[in-house]
């Protein structure tokens with residue numbers, strides 16, 4: 001029996017929401033919905049490469065760099081030190097919200113330790129993604145310069161936002177980094193590079209004053225809020241399977257997208273008590289290249305893509321779609337430790353006579369499922385290794401995805417429009433069974449069921465109700 005751990009509006013002071021797949025799980029809907037109960041919403045990773053699409057009071061909003069809490073009046077919003085900032089894009093996003101009547105004056109704070117995304121970073125990213133031939137390193141990024149920015153960060157040559165508070169020093173740092181990056185990547189001629197540098201210096205000189213008042217020690221700010229017992233919300237970008245260390249490497253993003261990334265990304269102590277919420281879409285999607293064991297290429301793909309409106313907010317690319325992969329979800333749960341789950345877009349599956357869930361992988365040749373903990377072993381270059389992965393294990397290397405295929409559990413569909421249903425108990429029994437099977441497989445209580453069209457069904461321990 002799965003423990004029914006529920007979100008307590010009174011006692012759960014610190015909340016974290018993070019994606020359990022390759023991003024695009026629908027995190028923004030729950031963040032926006034719950035943010036009204038919180039004093040501060042902080043984002044701990046990513047940059048303007050991610051995208052959130054939300055509806056609030058009938059108006060559609062598209063966010064990239066900013067936390068979803070910006071849509072909630074009086075809520076403070078933080079971009080932590082784990083976020084990378086492209087100044088022009090951020091200002092454009094702020095101006096766009098202002099035109100829609102949302103003023104972020106005195107509501108947005110940005111870490112002085114956040115690294116800057118330069119236009120040259122974006123040019124390098126675009127160059128890498130356009131490479132052709134045998135030695136191409138293309139992985140399907142958004143071409144927003146996030147990878148090159150984090151690369152310079154790791155090389156200790158990047159520039160933090162706080163450096164702009166001392167213009168003379170910033171000018172030296174930007175000049176040095178620009179010529180160094182171009183020397184390494186050979187993107188521009190010397191004359192074009194000089195023009196780019198002058199243009200970028202002018203942009204920063206003109207625009208930084210617009211957000212200078214927002215730049216501060218956000219780590220101290222968040223720590224202070226937590227100590228004072230205020231309600232703080234942590235928002236992650238992307239999804240756990242895109243994590244640099246634990247995702248489907250190298251087809252990953254360049255930051256830590258897992259729950260553990262919140263500590264470094266915001267500068268808070270691991271001792272802080274956090275209710276961790278995992279967001280899981282009722283089926284699987286992915287943008288860009290990389291392994292996707294349950295990917296569909298038939299009419300079922302067309303149905304999922306069309307009815308789920310699976311188009312990337314940032315790039316406009318059509319998302320790849322497939323059945324829900326519970327093996328990957330269990331893998332993510334193992335290192336994330338989510339207390340509760342928010343299941344999204346359940347209504348998109350209403351069109352199917354039957355639905356499938358991947359519960360295991362089997363070898364394409366031998367047909368053996370991934371559950372062998374004992375021999376047979378085999379040798380490779382005098383090294384012994386297991387021929388089969390044990391049950392519940394997710395492959396570590398991309399080549400392993402080519403050797404295995406999904407094992408599905410088929411469940412009857414519900415063929416009923418559930419978009420207007422207001423309680424979990426109103427859902428067709430087959431839909432309820434689908435939710436309960438996921439819950440039992442993962443061993444985590446599904447506290448919210450989000451419908452793509454309208455509602456969020458909220459499951460209490462004894463009663464099930466809808467939050468409007």
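Backbone N, Cα and C atoms are what each Cβ position is placed from, and that goes for glycine too.
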Recorded IMP site member, picked from 107, 317, that accompanies 24, 25, 26, 27, 49, 50, 51, 52, 142, 156, 238, 253 in Swiss-Prot: 317
Among 5, 319, 320, 393 - the residue Swiss-Prot places in the same GTP site as 23, 24, 25, 26, 27, 28, 29, 51, 52, 53, 345, 346, 347: 319
Residue 51 (Mg(2+) binding site) and residue 25 (GTP binding site), distance between Cα atoms, whole Å: 11
Number of Cβ atoms other than its own within 10 Å, given for residue 23 (GTP binding site): 28
Local backbone state of residue 52 (GTP binding site), from DSSP in three classes: strand
Spatial separation of residue 315 (substrate binding site) from residue 49 (IMP binding site) - C-alpha basis, Å: 9
Shortest C-alpha distance to residue 346 (GTP binding site) - which of the recorded positions 24, 26, 316, 317: 26
